[in-house]
Amino acid sequence: MKVISSIQELRDQLRGQNRTAFVPTMGNLHEGHLSLMRLARQHGDPVVASIFVNRLQFGPNEDFDKYPRTLQDDIEKLQQNNVYVLFAPTERDMYPEPQEYRVLPPDDLGGILEGEFRPGFFAGVCTVVTKLMSCVQPRVAVFGKKDYQQLMIVRRMCQQLALPVEIIAAETVRDEDGLALSSRNRYLTTDERKEAPELAKTLQRVRDSVLGGERDLGKLEQHAHTHLAERGWVPDYIAIRRRANLIAPSAAELEAGEPLVVLAAAKLGATRLIDNLEI
């Protein structure tokens with residue numbers, strides 16, 4: 001596996017490749033990330049991964065400086081998963097001058113849910129993903145369903161900007177107790193780690209209620225919010241939305257069997273966790 005930091009060297013290395021599969025990450029790789037690499041292998045060749053902790057998608061009070069950086073361990077894991085090139089640029093490589101041009105998602109998708117609680121987050125994501133796509137020029141790119149809103153925004157961005165890349169969605173990988181794998185799970189204390197699977201269990205109960213015929217979605221959302229709060233969580237949102245556009249479904253859409261997803265974000269101690277389940 002080649003480890004490359006220069007954009008020009010990356011382009012030289014990939015010149016002539018027309019089936020490249022790309023997996024962008026921020027590093028601190030776990031089994032969830034590695035499952036994306038294996039899925040990418042099924043859809044293209046060679047597989048290119050990137051590791052770049054993107055300052056643009058961190059808010060002023062978020063964890064950019066303490067975000068775990070484990071490049072040498074990550075390199076070993078990628079080598080074991082047959083990745084052809086790791087693109088690991090420095091901040092100077094990616095942003096040699098201030099990034100004045102940004103890619104902004106529409107407010108009706110980028111300003112809700114995660115976007116409401118993390119202003120500017122999706123502008124940072126869209127900007128860096130567009131720049132990475134320009135560098136790698138993949139035929140397919142793999143994103144995880146765990147970041148459901150991000151997946152939807154990136155897919156729509158590629159469609160509307162006519163970027164010649166197919167976005168592949170990867171299922172969320174979970175620990176044995178149901179907790180979705182995340183680089184931020186390492187921030188949890190021992191007691192918090194024991195409590196953390198309750199987020200997924202709460203979403204499962206919401207899902208089961210909807211599938212069981214409950215149509216008062218607001219009541220389900222409020223009950224879930226209250227349940228987590230009583231256990232010491234600080235929920236940002238629990239929302240049942242249409243999968244197609246993350247808008248709340250109408251009564252008619254519910255009766256017609258509109259595909260739904262329940263999404264949640266909540267703090268447990270100092271750690272903010274997100275999760276979702278399709279319904």
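The backbone N, Cα and C atoms fix where each Cβ goes, glycine too.
Feature annotations, courtesy of Swiss-Prot:
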BINDING   26-33, 144-147, Val173, 181-184  ATP binding site
ACT_SITE  His33  active site, proton donor
BINDING   Gln57, Gln150  (R)-pantoate binding site
BINDING   Gln57  beta-alanine binding site
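The highest number of surrounding Cβ atoms within 10 Å, among the binding-site residues Met26, Leu29, Val173, is found at Leu29. Ser183 (ATP binding site) carries a helical DSSP state (H, G or I). Counting Cβ atoms from all protein chains shown, Lys145 (ATP binding site) has 18 others lying within 10 Å of its own Cβ.
On a Cα basis, Gln150 ((R)-pantoate binding site) lies 14 Å away from Met26 (ATP binding site). Local packing around the Cβ, expressed as the count of other Cβ atoms within 10 angstroms, is greatest for His33 among the recorded positions His33, Gln57, Gln150, Ser183. The Cβ of Gly32 (ATP binding site) has 20 other Cβ atoms within 10 Å, all protein chains considered. For His33 (active site, proton donor) paired with Val173 (ATP binding site), the C-alpha to C-alpha distance reads 9 Å. DSSP assigns Met26 (ATP binding site) to coil in the three-state reduction, placing it in neither a helix nor a strand.
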